[in-house]
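Taken from TrEMBL as is:
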type	residues	note
DOMAIN	68-315	domain 'Cytochrome c assembly protein'
TRANSMEM	12-32	transmembrane segment
TRANSMEM	44-62	transmembrane segment
TRANSMEM	74-91	transmembrane segment
TRANSMEM	98-118	transmembrane segment
TRANSMEM	138-165	transmembrane segment
TRANSMEM	229-248	transmembrane segment
TRANSMEM	263-278	transmembrane segment
TRANSMEM	290-314	transmembrane segment
């Protein structure tokens, strides 16, 4: 009973803290960045990470197994993974664009796990014989960590595409007609107006060039961070699939069964292998590789969450269908 109470408290504390962090980020977007608020938000994510860590440890102690056996536990571990990815640049004293993605992702997954799932799904149950293996921690943890990294990297690619294809907005406006009507104006007045127009156009072009330069820098940074995070996630995904194959051979007597989960995991691996291949060609880097990563974003959700909606196959543990029964 004590463990259950502590888990309940830590769940709501972490959800409340990350909600405050999101509010601080929105305030920084509306106004100029305030150093004090930024530091508070980063410390809030550290507190969220500690709360979720304590929650998982407590659940591990009273359940007797690693908390990765059902949908609720995997969602909480996914939120914990987002927190880890968020804190790595923070402890390296580097500001980046991951915090704008990891914090909302953490609150989305944790909020859905806490409020979106039935209360019965929060309760820890005895593992089925197929899950009573040492491979549970290795396989599932690597898969969930890969989902977190790949989702973050894919969202960075989506942001890159949005910025790349967004049209330039001229602040000073455009002149629809370059021909001035003479009318009642004298030649000197017309010449003066033309000079003013030329000065405004030069200022306008300089301003647009300044914006385009900073946008180019932003695109390059997003592309770099997206590539790094996706590369890390791809390594985790590869380890997870290989360890899952070994585990499947021990549990079911076959390394690969073309189960729906296995099939979509293979599709996910193929998509991001194509992404990494496009990174080796300079002509395909940037928006082209970002399109592949954006497709991978939806594939990940189908692999992780969509298959659970079906409740079929060898990986149906913790699905909605089984839980509702």
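Just so you know, glycine gets a Cβ as well, placed from its N, Cα and C.
What you are looking at is a predicted structure, and each value in this text was computed from that prediction instead of being measured.
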Outside the transmembrane segment (138-165), six or more residues from its ends: residues with CB under 8 Å to it: 66, 68, 74, 77-78, 81-82, 84-85, 97-98, 101-102, 105, 215, 218-219, 222-223, 225-230, 232-237, 239-241, 243-244, 247, 265, 268, 272, 286-287, 289-291, 293-294, 296-297, 300, 303-304
Spatial neighbours of the transmembrane segment (229-248) far in sequence, C-beta under 8 Å, 6+ residues away: 85, 98, 133, 135-136, 138-140, 142-143, 145-150, 152-154, 156-157, 254-257, 262, 265-266, 268-269, 272-273, 275-276, 293, 314
The domain 'Cytochrome c assembly protein' (68-315) [mean pLDDT, rounded to integer]: 76
Residue numbers, six or more beyond the limits of the transmembrane segment (98-118), whose CB comes under 8 Å of its CB atoms: 11-12, 14-15, 18-19, 21-22, 25, 41-42, 45, 48, 52, 71-72, 75-76, 78-79, 82-83, 85-86, 89-90, 148, 151-152, 155-156, 159, 225, 229, 323-324
